[in-house]
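A.B. asks: According to Swiss-Prot, the record shows the following:
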DOMAIN    30-84  domain 'Clip'
DISULFID  Cys31-Cys83  disulfide bond
DISULFID  Cys41-Cys72  disulfide bond
DISULFID  Cys47-Cys84  disulfide bond
REGION    91-121  region 'Disordered'
DISULFID  Cys128-Cys264  disulfide bond
DISULFID  Cys167-Cys183  disulfide bond
ACT_SITE  His182  active site, charge relay system
DISULFID  Cys211-Cys216  disulfide bond
ACT_SITE  Asp244  active site, charge relay system
DISULFID  Cys310-Cys327  disulfide bond
DISULFID  Cys337-Cys366  disulfide bond
ACT_SITE  Ser341  active site, charge relay system
Amino acid sequence: MKSTRKVVGIFLATCLLPFTVLQNVAAQGSCRNPNQKQGQCLSIYDCQSLLSVIQQSYVSPEDRTFLRNSQCLDGVGRQPYVCCTSDRSFGSQEATSAAPPPTTTSSSSRGQDGQAGLGNLLPSPPKCGPHSFSNKVYNGNDTAIDEFNWMALLEYVDNRGRRELSCGGSLINNRYVLTAAHCVIGAVETEVGHLTTVRLGEYDTSKDVDCIDDICNQPILQLGIEQATVHPQYDPANKNRIHDIALLRLDRPVVLNEYIQPVCLPLVSTRMAINTGELLVVSGWGRTTTARKSTIKQRLDLPVNDHDYCARKFATRNIHLISSQLCVGGEFYRDSCDGDSGGPLMRRGFDQAWYQEGVVSFGNRCGLEGWPGVYTRVADYMDWIVETIRP
């Protein structure tokens, strides 16, 4: 018979660690579990309630999710740590699916940023922005196979029928992808082609099935676009690229799995200030120092620039920025490039979930010293997003 530690180790290695969402942890090991019950951050080996779940002959998908979402930081004893209470599974409120939405679309019916009414169309942690625990990363800028699993690739078809993956985007719920307006209308239509398809669950575009060692993801999803909605004030002829944001409604609901999850958006209750010098993360399949495009999903940590400095810099190119545009980066050969357009600019919240703060918009060449990239600030468009999405 296998020892308790071996059984737990096998379970964690195959089912838990790569796909975990961390819970918010306060000082001295206090935490809240997925049912929002206060507990202690302990080694799972010292938490009998959750250890007993793992030791069952069959662990249901719901219990696996509860275990994943129970992990915490800064615990006591041997890793991994869990927020330990007497709970063994989701409470009745968590286990019950959301009620069907009412038909009204007014912002008042949704509460702040759509958190009430309409079936809570924008998810909140732990149902968005999961953190990867996989350590299977071979190159410095490659992501883990399950990292940033809301990333989307946009596919275009030109007038000769040739297909090309160009822009990026991010899944924000099971029906919508957030991207840049310039990835939908304007020069992209003549230079790349007509936007036709969204690809989800991608890691390495050169392979049909993506594996790192013995970890393989599920097949990618190819979804059509039922409707593309560009911000009404976006003007593709305006080189300032103000309001460069768009929503893609997919032709069917996405069945979420460990490799396809939505990112969190900065709702009023979770919104944080963005400070100069703070490191944010951009991800995509854009140009690298050695190739026009990367086949493997990349990540890069970039500092936020002072907005006034950035605005003055771009004014010398007769480009005039407004407060809803973020400036990030500006380091030599460290930038979001080409194919990253429309992709997310992200950061970890206090609850350890990932939030999308920006959409890749434009820059003055790529990776040019002293020239930051410009991103559409998502928080400034939350009202528009909430008013646009529907069940």
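Each residue, glycine too, has its Cβ placed from N, Cα and C.
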A.B. asks: Tally every other Cβ atom lying within 10 Å of the Cβ atom of Cys47 (disulfide bond).
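C.D. replies: There are 24 such Cβ atoms around Cys47 (disulfide bond).
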A.B. asks: On the 0 to 100 pLDDT scale, where does the domain 'Clip' (30-84) sit on average?
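C.D. replies: The predicted confidence over the domain 'Clip' (30-84), as a mean pLDDT, is 81.
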A.B. asks: Please work out the number of neighbouring Cβ atoms within 10 Å of the Cβ of Asp244 (active site, charge relay system), leaving out its own Cβ.
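C.D. replies: A count of 30.
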A.B. asks: Quick one: pull the CA-CA distance for Cys264 (disulfide bond) versus His182 (active site, charge relay system), whole Å only.
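C.D. replies: Just about 23 Å between their Cα atoms.
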A.B. asks: Going by C-alpha positions, which of the recorded positions (Cys310, Cys327, Ser341) is nearest Cys216 (disulfide bond)?
C.D. replies: Ser341
A.B. asks: Drop a 10 Å sphere on every Cβ of the disulfide-bonded residues Cys84, Cys128, Cys211 and tell me which sphere holds the fewest other Cβ atoms.
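C.D. replies: Result for the disulfide-bonded residues Cys84, Cys128, Cys211: minimum number of other Cβ atoms within 10 Å at Cys211.
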A.B. asks: Is it possible to get the count of other C-beta atoms within 10 angstroms of the C-beta of Ser341 (active site, charge relay system)?
C.D. replies: 25
A.B. asks: Can you figure out which of Cys72, Cys84, Cys167, Cys211 (the disulfide-bonded residues) comes closest in space to Cys128 (disulfide bond), comparing Cα atoms?
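C.D. replies: Given the candidates Cys72, Cys84, Cys167, Cys211, the nearest one is Cys72.
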A.B. asks: Of the active-site residues listed here (His182, Asp244, Ser341), which is spatially closest to Cys41 (disulfide bond) when Cα positions are compared?
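C.D. replies: Of all the candidates listed, Ser341 is nearest in space.
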A.B. asks: If you measure from the Cα of Cys72 (disulfide bond), which of the active-site residues His182, Asp244, Ser341 is the nearest?
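C.D. replies: Closest candidate to Cys72 (disulfide bond), judged by Cα separation, is Ser341.
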